[in-house]
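Now, the feature entries from TrEMBL:
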DOMAIN    559-811  domain 'ABC transporter'
TRANSMEM  232-253  transmembrane segment
TRANSMEM  265-284  transmembrane segment
TRANSMEM  316-338  transmembrane segment
TRANSMEM  350-369  transmembrane segment
TRANSMEM  375-398  transmembrane segment
TRANSMEM  405-422  transmembrane segment
TRANSMEM  461-487  transmembrane segment
TRANSMEM  905-923  transmembrane segment
TRANSMEM  943-963  transmembrane segment
Amino acid sequence: MGGLEANVNTDYILKILGLEMCADTMVGDEMLRGISGGQRKRVTTGEMLVGPAKALFMDEISTGLDSSTTFQIVNSLRQSVHILGGTAVISLLQPAPETYNLFDDIILLSDGQVVYQGPREDVLEFFESVGFKCPERKGIADFLQEVTSKKDQKQYWAQGDEPYRFVPVKDFVRAFQSFHTGRAIRKELAVPFDKSKSHPAALTTTRYGVSGTELLKANIDREILLMKRNSFVYMFRTFQLILMSFIAMTLFFRTKMKRDSVTNGGIYMGALFFGVLMIMFNGFSELALTVFKLPVFFKQRDLLFYPAWAYTIPSWILKIPITFVEVGGYVFITYYVMGFDPNVGRFFKQYLLMLAINQMAASLFRFIGGAARNMIVANVFASFMLLIFMVLGGFILVREKVKKWWIWGYWISPLMYAQNAISVNEFFGHSWDKILNSTASNETLGVQVLKYRGVFPEAKWYWIGLGAMLGYTLLFNALFTLALTYLKAYGNSRSSVSEDELKEKHANLNGEVLDIDRLESPSNDGPIRMNTGNDSAIVEENSSPMQRGMVLPFLPLSLTFDNIRYSVDMPPEMKAQGVVEDRLELLKGVSGSFRPGVLTALMGVSGAGKTTLMDVLAGRKTGGYIQGNISISGYPKKQETFARVSGYCEQNDIHSPQVTVYESLLFSAWLRLPEDVDSNKRRMFIEEVMELVELKPLKDALVGLPGVNGLSTEQRKRLTIAVELVANPSIIFMDEPTSGLDARAAAIVMRTVRNTVDTGRTVVCTIHQPSIDIFEAFDELFLMKRGGEEIYAGPLGHHSADLINYYEGIHGVSKIKDGYNPATWMLEVTTIGQEQMLAIDFSDIYKKSELYQRNKALIKELSQPAPGSTDLYFPTQYSQSSITQCIACLWKQNLSYWRNPPYNAVRFLFTTVIALLFGTIFWDLGGKMSQSQDLFNAMGSMYAAVLFIGIMNCTSVQPVVAVERTVFYRERAAGMYSAFPYAFGQLSLNSHTHSLRLPYTES
């Protein structure tokens, strides 16, 4: 495909996916601000669509998207498949009815078996033949996901003249085999395929879409782009070498460096060794850069985007120009200031050799990163390799003292060739050609120094060393390519399943009878409780000073906000496009109220400002400019006290992976509940919360890493809610609690949310593409349009009647169809396109409505403190004392570290291996002190031990701290502890583990 055609295709896919406005925005990650989660999901979809593939397998492409965007994407796929004759198999979690109706065929899986496969129009007929019917106000997709479940099946039983009996999966499968659709499929499969109908495109003749040259060119362009975006890394590496050059040149200043003895020559050789070591260490950052890019590489390699060599060659070749700058920053500054041989030829020869050493080191670390594929293992193994190369490189232990069983290590150490080459280049210079003690020897001082330090005193060793560096560079890059060609990414995704769930799955599959009452908690029985239209009568919290019904009482609080404006500094990219304003306004005069016992949905299309508003109200925005009034039960909001009575459930479900569900809740309750709550009451409250969120069967399950092991996405969502609930908050914010879940899992989470509201708390949720059941479980709706303005705030009413009446009362807005999802209809009729077509502004209409006036009156009423009430006050910023915070952090860190086998095993293993290596390399070194060189060897062994034990500890702990760092940010924002107790826990625990390992090396 030509460049112009490819650009047109890319622009078309960007338009279909709604990504035009963020087309030039970096994707980002948890540490780099970029596009939103929903937009990132669409980028993943677009990555497949821009290619020429005719068979598309798409897994959960709607996660994080609103229903209208999902509909647009699936509709485009439908048209593409029908027109171009392709095939698409798509799994969706919570498809809206209109999206479901776009599909031609349906495949329904349950417990690993195909329950139905065939035309969409026949699926309801099949289930009706088995005795189950989809209710009128129920999405067919939601019905299909629940009808095979033991817990949800009963509500769909339609044989009124017969008592309900559970129909297991195997009975559904058997019924489908006898159903006319199942018989037709079996008949079709029994007939061999007619080869005359074969399409030439079905048999590919090339492995990749374009030629090898084009693949290499595309990877080169991408690597150049990534290098530009990561320019800070290369600038910092250059600055680091320049800084080290200043340290080195002031330490080895030439006015203090003489050339009148072999001892002085040893100092010069030490300066050369220091330079080689700094150049080697400078390549260490390639390790992290490589490991961080591997997940994307493995995905694209397995999808046959390109072969490994097309990826590794640019990663190597394009770094060479940067090497000239980095090495130049060291050599140009230090060479003459440190007093090396002034011959300009030897200066450039040292520069050339340092370039080769830098390339060799970078290639080595790239290979280690590609082979290890894990940051902890890669860091420790790289430190280990550096240690071996350094100890056996001929400087710390001279060649004559290397034991015969280790001499092979001397000959394969790249550092040996580097040290020999750079030493020969210096000590064969004119500055070292003087002859000392001519009566004893006719050798020059330079040759004497080389012999004394075990270096080969031959000029050819410079070229041997340079050739070895180039050879090692080619070898390591070849090994890097082979590693990426044949190795696979680590880890299989595994989730925790409770014993009860396993028994239920087995019973569901085989039709066995289980004690349902034992398996199901009361809260898990039946569908989500819908609002009746009367919940809006709940106005304020002052009807009862303390809300009870749980072990711990709490004070119900309302939250009001009036004329909230939020702006940020205008991004430079927008200013470059001609925008003259200094600030970009994201929220424009938003007003509303959230009350106890009322479940409010915060909705809007992508970019409407839902999460931004929630972050502003919760005090999570650390930058930008906020204007307006926020009140808590009539008193001005103070963030220090508000953090003590509020909870925030983030969308990303951030938890420590190595602790259990119960331990996660215990840690949160320990640090967030008041000091007067004793341990027994705290444990009772945790048990009560676990029962509320249906996590009791999983109390001893490890949380694990998302998508790798531990809890499933839905279980993780419930844990996120529970972690906030055990703090006994009065106000809870939830950011997309149902994103990434199928209909049944979303129903479980919404039951948890509904149960939380029914305790009398104030709960606000942002939510995408809810089903009818989930949407109508909310009491009120706060709807925003793109640009940060509200266009509806009020009750939904029974079956969303209030919302529907409001919008159908606006001239030109189309009526909702029977059985249509009100949430989907609402988003469709309030788009920017609809505003332009109808020549109206929904924000202006809302502000002129009676509903707006009622809301303003309610805000005014709730902004006045109740008679006899007092403002929230806490004597301290945190619930617990600093000592308790330190103990709790130490307790949790201890669990996290000791349950991390890769971290502990790798550190203990390599410490033991290093101890054995040192013992065998420096065998009986202290017993043979016959000359000064022996003393230098002993000092070198101690230097290497101290240096590399520290380096290995530092590099191995960094990835573990990186995982815990995001957890720390969440917990600190929640007001659990200050930075000192967290640092204390980390430091104390690592000091303890180090004290256990050091005796290995000391022995």
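Cβ coordinates come from backbone N, Cα and C, glycine included.
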- Query: Which residues of the same chain, at least 6 past either end of the transmembrane segment (943-963), have a Cβ under 8 Å from a Cβ in it?
  - Reply: 374-376, 379-380, 382-384, 386-387, 390-391, 396, 657, 705, 897, 900, 903, 906-907, 910-911, 914, 918, 986, 990, 994, 998, 1001
- Averaged across the domain 'ABC transporter' (559-811), what pLDDT does the model get? Just tell me the whole number, please. 87
- Top Cβ-contact partner of the transmembrane segment (265-284) among 232-253, 350-369, 375-398, 461-487, 905-923 (pairs under 8 Å): 350-369
- Task: Could you pull out which residues elsewhere in the chain have a CB under 8 Å from any CB of the transmembrane segment (905-923), counting only those six or more residues past its ends?
- Result: 376-377, 380-381, 383-384, 387-388, 391-392, 397, 402-403, 405-406, 937-938, 941, 944-945, 948-949, 952-953, 956, 993, 997, 1000-1001, 1003
- Which range out of 232-253, 316-338, 405-422, 461-487 gives the transmembrane segment (350-369) the most CB pairs under 8 Å? 461-487
- For the transmembrane segment (375-398): best-contacting stretch of 232-253, 405-422, 461-487, by Cβ pairs under 8 Å: 405-422
- Message: Looking only at the recorded stretches 316-338, 405-422, 461-487, which one has the largest tally of CB-CB distances under 8 Å to the transmembrane segment (232-253)?
- Response: 316-338
